[in-house]
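Asks: Pulled the feature table from Swiss-Prot, pasting it below:
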- ASP336: active site, nucleophile (ACT_SITE)
- GLU371: active site, proton donor (ACT_SITE)
- ASP443: site 'Transition state stabilizer' (SITE)
- 458-467: compositional bias 'Basic and acidic residues' (COMPBIAS)
- 458-479: region 'Disordered' (REGION)
Amino acid sequence: MTRLAIGKPAPLGAHYDGQGVNFTLFSAHAERVELCVFDANGQEHRYDLPGHSGDIWHGYLPDARPGLRYGYRVHGPWQPAEGHRFNPAKLLIDPCARQIEGEFKDNPLLHAGHNEPDYRDNAAIAPKCVVVVDHYDWEDDAPPRTPWGSTIIYEAHVKGLTYLHPEIPVEIRGTYKALGHPVMINYLKQLGITALELLPVAQFASEPRLQRMGLSNYWGYNPVAMFALHPAYACSPETALHEFRDAIKALHKAGIEVILDIVLNHSAELDLDGPLFSLRGIDNRSYYWIREDGDYHNWTGCGNTLNLSHPAVVDYACACLRYWVETCHVDGFRFDLAAVMGRTPEFRQDAPLFTAIQNCPVLSQVKLIAEPWDIALGGYQVGNFPPLFAEWNDHFRDAARRFWLHYDLPLGAFAGRFAASSDVFKRNGRLPSAAINLVTAHDGFTLRDCVCFNHKHNEANGEENRDGTNNNYSNNHGKEGLGGSLDLVERRRDSIHALLTTLLLSQGTPMLLAGDEHGHSQHGNNNAYCQDNQLTWLDWSQASSGLTAFTAALIHLRKRIPALVENRWWEEGDGNVRWLNRYAQPLSTDEWQNGPKQLQILLSDRFLIAINATLEVTEIVLPAGEWHAIPPFAGEDNPVITAVWQGPAHGLCVFQR
């Protein structure tokens, strides 16, 4: 058998140099590593990696070419109590593989064993890594680098966004290619979006439990190969990377950034009864947080937690992030359950991964957004991330819903959230843009469902409606479900308008959930992670054009208001904001805490948001000057020029003078 040359210990992964392929793999506790190469007939050829530099195993295979299929068998101790679960009978995926061939099916051969090792060989059915070559013409592509103060984020699912779009060619609907289609780009531009945030596109697997129920992991928060694109979103798996980069290049030409939702907190190997794909068999003790009994710390709710304080795992995470920036030109990341990134195991702002990102000349220059919590003790860290990060602002979400749908939030609390939650984020030199304001997200009710359902309806998920949060702050306006009388429909519409206006005209960075501007409903399912069907796909034929136009007008109005785009904290007397009561007078201390839900917010001394969140029609006396109701509020209900606004119940209007 041909012996491998020693090769080089860097970079990690499999890299073709024109003459052959260099293979590298980290494992601090392995005793031997075999590279397994598969020919066109599926015949396996094994080679010991001869190089061992520190904890990096490496070797060079001359004459190997792109398209080569490979995997690893890693030898070492089976000592579960010590956290070691080596099993060379199982073929393992390279954590840095750029392409995977094969499916991650629910198969007992893809398990290593719980207390005792399963020595049945699984190479015949295990997915294989594929060596790829990186040639792509980016032409004159350049990142838009939209200032944070001008950023409008649109959270979308690659498939769900375009799968039912009638104006996109059938053969590319639901794919990376569709993201770059002129129809999609023109829509995003007309809406006013500056950043498209995609749910996970790194290759993921469906949990065995879901597969047994005939379901699949739709959202993608179950990663198995962090450097590989999910092939199901490609027209052809072999060209996935090319298609993805084509889409990014087209979006960049239109001035739209691309932000990836990335999962660095756990892997698809789940708990100890979960499948064995890669990390568990390569170096379980290093990659995961291990308890004293050898089991996993489950700080993610997914069975395991990546140890992002381990130097090698930090290097792996940074290499992954740099890959997406340098190879795919993405403009930033949203980090799922990002508190895990700072665990040492306690959360620290100077945790190793945070420090590495801060010191990286590539990663420190892109947009970084944290979902600032995990499920463990001390996991709620909203406002505590390092200055480079923006954070999902759940304070804003809950306050907006409580104010408009539950009517139980004082004006002072509402104003605090409207002003970028300065009590939470104004620290360590951070700017208002650090607050990623949202009313809805992929996780939870859609905006329409917020006004149509009091209770979640997740029966289709197969967990007897136990999954998903019960804390929704929603209001069905008197009838559970969609449809209803004209009066009911109008009241729900008014609430949607109020929530959208609050989101898009408040200080901070707004994030809009794709489909909310259409009136998309998931029929009360607030945890549709496993629903790859018409429940989650956006139905463009049923989209509300009026609501879409309303949303677009709000976004374009936002861009005209200096107080919202200059990204400076509002200070008393700086002309950015004045808070007034229904008589155009400054609010008293008592009104802030106990007053009626009526408020006027004067922005940049020229734009006025008049709010009547009470149950009664109320006269709102506008400040001195000639005020014009402006789109999307100008119309028969709001006089073109007025000094007094007849504020409808649960209504609001925006004026300019």
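One is the number of the first residue shown, and numbering goes on along the chain from there.
Heads up, the Cβ atoms here are built off N, Cα and C, so glycines get one too.
What does the local environment look like for each feature on the list?
Replies: On its own chain, ASP336 (active site, nucleophile) has PRO200, TYR221, ASP261, ILE262, VAL263, LEU264, ASN265, GLU371 as residues at least 6 apart in sequence with a Cβ closer than 8 Å to its own Cβ. Following the DSSP three-state reduction, the secondary structure of ASP336 (active site, nucleophile) is coil.
Under DSSP, ASP443 (site 'Transition state stabilizer') is assigned to coil, being neither helix nor strand in the three-state scheme. If you draw a 10 Å sphere around the CB of ASP443 (site 'Transition state stabilizer'), it holds 18 other CB atoms from the protein chains shown.
Residues 210, 213, 215, 398, 401-402, 405-406, 444-445, 449-452, 488, 491-492, 495, 524-531, 535 of the same chain sit 6 or more residues outside the region 'Disordered' (458-479) yet have a Cβ under 8 Å from a Cβ within it.
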Asks: Kindly report the helix/strand/coil residue split of the region 'Disordered' (458-479) according to DSSP, in that order.
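Replies: Looking at the region 'Disordered' (458-479) with DSSP, the answer is 3 helix, 0 strand, 19 coil.
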Asks: Give me the count of other Cβ atoms within 10 A of the Cβ belonging to GLU371 (active site, proton donor).
Replies: 22
